[in-house]
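Features of the protein shown, as given by TrEMBL:
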type: DOMAIN; residues: A:132-413; note: domain 'NADH:quinone oxidoreductase/Mrp antiporter transmembrane'
type: TRANSMEM; residues: A:6-25; note: transmembrane segment
type: TRANSMEM; residues: A:37-58; note: transmembrane segment
type: TRANSMEM; residues: A:78-97; note: transmembrane segment
type: TRANSMEM; residues: A:109-127; note: transmembrane segment
type: TRANSMEM; residues: A:163-188; note: transmembrane segment
type: TRANSMEM; residues: A:208-230; note: transmembrane segment
type: TRANSMEM; residues: A:271-293; note: transmembrane segment
type: TRANSMEM; residues: A:342-361; note: transmembrane segment
type: TRANSMEM; residues: A:382-401; note: transmembrane segment
type: TRANSMEM; residues: A:421-446; note: transmembrane segment
type: TRANSMEM; residues: A:467-489; note: transmembrane segment
type: TRANSMEM; residues: A:651-670; note: transmembrane segment
Amino acid sequence: MTENIYLVMLLLFSAGIILPILTSGSPKITNILAHGLAVLGCLAIVACSVEVFMTGGVTFTYAMGLPVGSLIIRIDNLSAFFLLALGVVGTAASIYALGYSREYYKQRLGLMAALYNCFILSMALVLTVSQVAYFLIAWELMTVVSFFLVNHEYEKTANTRAAYKYILMTTLGTVFITTAFLILTMTVHSLDFQMFKGASLTSTMRNIVFFCALLGFGTKAGVIPLHIWLPEAHPAAPSHVSALMSGIMIKTAIYGMCRFFLEFLGVGPAWWGEVVLFLAIISSVLGVLYALMQNDLKRLLAYSSVENIGIILLGIGAGMVFMSNNQPVLAGLAFAAGLFHLFNHAVFKSLLFLGAGSVLYSTHTKNIEDLGGLIKKMPYTAVFFLTGAAAISALPTLNGFVSEWLTYQSLFYLPQAVTGILPRLGSVLLIALLGLTGALAANCFVKAFGVTFLAKPRSKHAEQAKEVPATMLTGMGLLSLMCFALGVWPQGMLKLLQGVLSQFAGLEVSTLFNHQWYAAAFNIPQANGVIAMPVVVGMLVLGLIAAVLVYNFNGKPKNVEGETWTCGIIPNARMEYTATGFAQPVRRAYKAFLRTKDTVTADKSLNPYHGVKMKMTVGISYLIDVWLYRPVKKGILFLVNRVKPLQSGNLQHYIGYVLLVTVVILILGVRW
Amino acid sequence: MSVLFMIIQVVVLAVLAPLVAGVIKNTKGKMQSRRGPGYFQVYFDLRKYFKKDNVISPTVSWIFLAAPYIYFATALGAAALAPTLLFDRGLHYDSIFVLIYMLALGRFFLALASLDAGSTFGGMGGSREMFINVLVEPVMMLTLFTVAMRANSTVMSQMAGAAAASGISLSAILAAIAFLILTVAETGRIPLDNPDTHLELTMVHEGMVLEYCGRSVGLIFWGSAIKQLVTILLMVNFFLPWNPVGSLPPVVWMILKVLVIAVVLAGIETSTNKMRLFRLPGLLIATGCLSLLAIIAM
């Protein structure tokens, strides 16, 4: 059954790749066909994953007649979990794309739609293929297709730059992933993932595999300091693709890490987990700090993805530390926290990207300083964006809150698992820094929503905004519902995670999350607590009822309209607080990390004492760029300049080189 | 049954919160050689607010109108979660993280509302409030962590129990000092914020709610008073859990300690000046170091 659904899914996406190219005459037909097929394909992915959860994992093999062996598709609970995220987000993004693609009717729509289908297909393959060679092919397909999607609007130079940065970084990552796989393959003499379980590696080799997997997948996930492509590539892609890239594509890297750290390598030394935790906390704090500084809505969201990958890795890193300390229950809790946050982030980040896409669709600007007042022009989009913003700020009773609670909870037990005063202090600080991240995220999304949607429009673009078409609203609405559903009743997802994690040795989840329908307990030998979201919802609802009763205790009040008081002059949009201004206190307090460069220039031509027109430019520089990438870039350029004289352009020289190389090879061949 | 007790707790705390605010105001007045407003003045103010009609700017959206309700609801939720040790909850849902993020929900909407009316003061207040929160939140986590580690649980009733069972130690004293500073921060008092000012350069919380009037402002002020009482209760039950030996029931001691903290808050407010906004990071880093020392000393 699962195999049939899987094949139908492949068929639907293949049709989705071919048909748009054939129907290039009418963009409308292309749009409906391609994205309709994508919706169906994504539903098939969901069906496939549900089927696996109901009936258990499946494996099927196809002899492909290629020299790299036969294709093995294996869908276990871990794959099914990621497939579910892909299916849900993909369905919503594809419905959204039906409306959003109208923007691209004159901009190579057929190509974009075909690539879009191919992109989803490649992610589905990455999550299901269980053989090294085909996995790497699928992985590279995913990269290349998304490269073309990032570069789709190549008329803008910034997009092309972003695309090349992206392909460069991820190719570098693939080198590491390939190395990791090669070491495993050479050890067990097989390309099948299943054979890697418990591969007998020396501890040095295991460490090398660990670092290769961490660096390789970390590049794709956007872990700081390997993140530099992410904040440029995600905003450059069309918005529904950005949603998938931030929502799912970077999570496929986490899928790879789970495979390596949970399955292939097994329980490792504690410092592996500590390395992951270190990278995770840097990613989350710096990611959100940079996000808060952005005024480009999609760039802000992209940086916030870096932050959330950090939070996911906090759960995974903590789980690894617990595993090596032989605390399987706590390890299960921590991994559940990480994976739950992964699913939640997939939902709310794609929701936010779709929301940003809607803003872009109707105002044609991403600069939040030019927006404002959209809540009145686009009421539904505003509600959906607000849902996403509240969820990502971990506010109850939305899904982000539950997974952050679980993450806090697992970090709370971390000091017990480590020994020595410094590691213990470090793990205590993790909680404080996660608190800092949460507060900065709330700050960031108050700014993003408040400046974009509230008060008066700041430009003509924003004034003329209209609500987006129904298909786009449906896509966002679906994801908003998911945010509420997973927040109000997380038990279902927690049960699912129990099933996903129970297949791994080193984790013990059977005692976790068992309680009544209204509460999921994490009963750990040392302590207990429950996640009872319905109780929290009940409190808030009762509180709201009480507030309404108190408000109307003396009868309904009379509401009189009165303009905002601005000291006697008529208020206008230029008096509103700007996004830059809103972030200013944090920018100033954290200037050591942000390296702020603010300059105020006054035009003194009209008044010699103080300028009449003042202009302020705000700049920050990114530490990682300055410390890591610029020296590397300089070094490469230096070396290239040294090598350049070899390229003389003279044919005789090149023949000379060939001769030289041949001689050297001959000598080496004889000597060995 | 526990639901009934919880509702009783919420009602009692909500009713008493303005009284605690009144005690602080009155004591502050006396310390500043004034007569000070009466203990029940806050009740009179609230009654006045809830009789008024509203003036609402045409610029605002539903966010502005909904924010006071949400803020009040989260304050009540916090009151429901506050550890009083007076009844057994049965289900241990009262995690400290629920309380912290419940308050964050109210703050989030109030900060959004501050941007909604389109005035500069509102945005300034909202921006500063979120900034102070960025400074306070990590330190708050650390300080509460000292108690949670002792209880090996983040459930507040268990934390309060463990705190009461442990004796006076250096670690507990350091943590108590740290949380006292955080109480000042959370209740928006000098030196972090000034609840009595409407001077545009210094107001934070007041600036954020400047555009509100009438019943909405009543809800916000009442909510703030409840939030203040909940914070004081956290201070009392987590960081000053020791009762002198005597025949008085614990409840009486708790009330007495709440009043003592109220007087201390008034004293702090009288004896210091408001700090510049960008001096606050230093103060809170120092507070964070105190909590770290408390953890090391444990």
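Cβ coordinates are placed from backbone N, Cα and C, and glycine is handled just like the others.
Simply put, out of A:6-25, A:78-97, A:271-293, A:78-97 has the most Cβ pairs sitting under 8 Å from the transmembrane segment (A:467-489). If you look at the transmembrane segment (A:208-230), the same-chain residues 6 or more away from its ends with a CB under 8 A from one of its CBs are 162, 165-166, 168-170, 172-180, 183-184, 201, 249-254, 256-257, 260-261, 264-265, 268, 272, 275-276, 279-280, 282-283, 286-287, 302-303, 305-306, 309-310, 313, 622, 624-625, 628-629. Of the Cβ pairs linking the transmembrane segment (A:342-361) with the transmembrane segment (A:271-293) and spaced 6 or more residues apart, fewer than 3 are under 8 Å, so the two regions do not touch. Of the two recorded stretches, the transmembrane segment (A:421-446) does not lie close to the transmembrane segment (A:37-58), with fewer than three CB pairs under 8 Å once pairs fewer than 6 apart in sequence are set aside.
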